[in-house]
């Protein structure tokens, strides 16, 4: 069993319920990972993912081995059939097979580089590790998705939602740098498995990949979208059509108290790290309706659920 | 309970005695940290602190999770109310709250930058983590103090002192680069809790913060200070009044055998790393009166005592 | 007991047999390393060594503490008697003694810099740590040797060889960058302990250190060497006589299927990382006679055997 995307969740309600069970007593499966290791391979920076995945592993008795590929290992080649006479020292074919011999599970973080759309869409790093590894692979954010984040978000929604079909808004918000689409993509995919009135709002030109958004309603009018919302999920991303570009700063898209007042006393969500007073005002982020800290907390239980399921499958 | 400075020690004699008890049988509290984690956050280089704190945690059954903030995480913002549209990706408010959910204790190393006296004196990194974290904080050297080092020094003094009130000299020594005041500060504060004839000696212009030295005798005459001394503690620091400056090289302040002969067969102490033949001559450092290796050894037991007390408080 | 070079192996057949026993049940000595730590000190990049040595330690119940000296610690001085007023902050004398107090075993990776032959031949980092440390030292690749790799290779040879005295060829292969001699050196030394017809082949000018090759047959004719070979061990190295130079690219020395057909259906070996279609063609590396993945697997058992023997000696 791999956990590469939201598509690997067979039943979201079951997963969420089980994660909430784990959260009540995180050490109940402590023997499951005994004498096993998980390799956490980082090609990019990480705080929540780095620490929560280690914590989740430890709760399962699984030993985490962290490796920062960017400065601790060798530059990897991903193309097939190349003459490797340039900067890359090792091919993913060997790296993935070899690491599979030392680690019982491999988790990988490799962001979109936002230079080459086709390459990013291919999830080169994640997919090649998956292809050549002989052990389960966990996506700790790839160029296309961040399904551990989306699973933590689903847990958080379940904990704070009291409606049958709440109105949930994914709102683009401004950011000075070009950011990947992974978090937004996985959130959208996760929402498609939820009973909810789900709306995406962003300025023109920031449409996400239509193969992911499918028929999700999209509006360019943020205030319209916020009306009656029960949850506001903020996130920046760069343009998908004009790939990887920051089209304009759109400071008026920042989420502040005034906009939140348009909602049905909505909860505020963000995956973190968040730029204060750029994405969201201090007032909203510090407010009692902000769920961002609990979302981060649920990263542990999302990871623990995924690792538990992988370890259990491995036993069969 | 936090361990931020020497002021967090309620009774130095009790702490030293307990640390010496722990040293005799370091594994006697092995169950205390079971299923708990300590996050070691490094904003700067570290050898002794990095390894001894991990060793101390392991002796207590506590799992260390190391994170180098400088290259593994996100650049942190510490100012309140800023518009975060520049280089900083995450505010300490979120970082501290989030890490508190994965780690039962957070230990932090963040040196003085020696650019902005007021900012350094505020211990921006340490104090903000303390403010926003929901778990105990341990200072692994802040811009102002290094209380784990001073506690290890107190243990070492207790082990090697046989007098009621030994003469102990903190001597400035030359160094090519501008160094922080943290080690000297905490040593001075720790000495103020000791029965001792304590003297500081340094060239004019290298006065430490008077709010720390208080009424400790200071002399500009190193040879005078060394007379009859039982312990010489060497350390370089940059100017405090002309903040962060190296005023002159003062090579004649290096501690050599000739100077040590002025003492009462004094023991030599230094926190390490030490530049040989700049701070101290090979002869003195290699000599049988040098305690530097034992000081480093006691870093484990100082850290273990602090972590033990924190874990015990946590149980109440 | 240290493991610095192949010379520390008292009986290669015994070691290989014991490693193969360990491989059958890697957890049978799980209690041996309880409450002990191994410090893994990296002065250079590492994937296999980094992960397999951690896995080996964990299998023995020994806790690995990883430290990247290049960016986490202090720049070390290795010369005796220097005035340390330049870039180096700490002398190996202190570093080695201090780390010995936190770690029960110290393992070190420090590559040849290929600038100063005499300094590289002195194994400055490894030998100085060995001199000043008070605990056993393990070589995770020094400027001169890589005995953990050679031990893994010996295990792999034992597993795949069925002849009394197989023909084994160490073949130089091209590479764009100047590489150290460590892997080739240790392989040659290990081969000198084997029953085998051992031949080295390389272009003129790439002679290894004659003090290591001794009377091993060397031929400049790669095709001649390959005839009837049972094992081809490929590796690049820079010139030893014209120290650290890449003399020419010699692309015709790449190992491809056509050359492998000259052999006695030989197995192909390489220590990895390997540059595809530079050192060896895709066809050979992907082929069923390639042992490179199993060599990497055996790194765990080579390290585990060495650590087991060290831990057992430590008990006496």
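Glycine residues also receive a Cβ, built from the backbone N, Cα and C atoms like all the rest.
The carbamoyl phosphate binding site feature in TrEMBL is assigned to C:46, C:47, C:48, C:49, C:74, C:109, C:146, C:147, C:148, C:149, C:271, C:272, C:299. According to TrEMBL, the N(2)-succinyl-L-ornithine binding site annotation covers C:141, C:175, C:235, C:275. The domain 'Aspartate/ornithine carbamoyltransferase carbamoyl-P binding' feature in TrEMBL is assigned to C:4-159. Positions annotated as domain 'Aspartate/ornithine carbamoyltransferase Asp/Orn-binding' by TrEMBL: C:183-307.
The structure, with features from TrEMBL marked on it.
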residue: C:46; record: carbamoyl phosphate binding site; DSSP class: coil
residue: C:74; record: carbamoyl phosphate binding site; DSSP class: coil
residue: C:146; record: carbamoyl phosphate binding site; DSSP class: coil
residue: C:175; record: N(2)-succinyl-L-ornithine binding site; DSSP class: coil
residue: C:235; record: N(2)-succinyl-L-ornithine binding site; DSSP class: strand
residue: C:271; record: carbamoyl phosphate binding site; DSSP class: coil
residue: C:299; record: carbamoyl phosphate binding site; DSSP class: helix
Return the residues near residue C:74 (carbamoyl phosphate binding site) by Cβ distance under 8 Å, restricted to its own chain and a separation of at least 6 in sequence. C:88, C:89, C:90, C:95
Residue C:146 (carbamoyl phosphate binding site) to residue C:235 (N(2)-succinyl-L-ornithine binding site): how many Å between their Cα atoms? 13
For the binding-site residues C:74, C:141, C:275, proximity to chain B (Cβ under 8 Å) holds for C:74
When the binding-site residues C:46, C:48, C:74, C:141, C:271, C:275 are screened for a C-beta under 8 angstroms from chain A, what remains is C:46, C:48, C:275
Do any of C:141, C:175, C:235 (binding-site residues) have a CA within 10 A of residue C:271 (carbamoyl phosphate binding site), and if so which? C:235
Within the domain 'Aspartate/ornithine carbamoyltransferase Asp/Orn-binding' (C:183-307) only, compute the mean pLDDT. 97
Once the DSSP letters are reduced so that anything not helix or strand counts as coil, what is residue C:141 (N(2)-succinyl-L-ornithine binding site)? coil
Any same-chain residues 6+ apart from residue C:141 (N(2)-succinyl-L-ornithine binding site) with CB under 8 Å of its CB? Would you list them in sequence order, or say none? C:44, C:46, C:49, C:109, C:110, C:111, C:148, C:149, C:182, C:183
Using DSSP, how many residues in the domain 'Aspartate/ornithine carbamoyltransferase Asp/Orn-binding' (C:183-307) fall into helix, strand and coil? 46 helix, 19 strand, 60 coil
Select the closest residue to residue C:299 (carbamoyl phosphate binding site) from the following binding-site residues, measuring between CA atoms: C:175, C:235, C:275. C:235
Cβ packing number for residue C:46 (carbamoyl phosphate binding site), 10 Å threshold: 22
Count of other CB atoms lying within 10 Å of the CB belonging to residue C:299 (carbamoyl phosphate binding site): 28
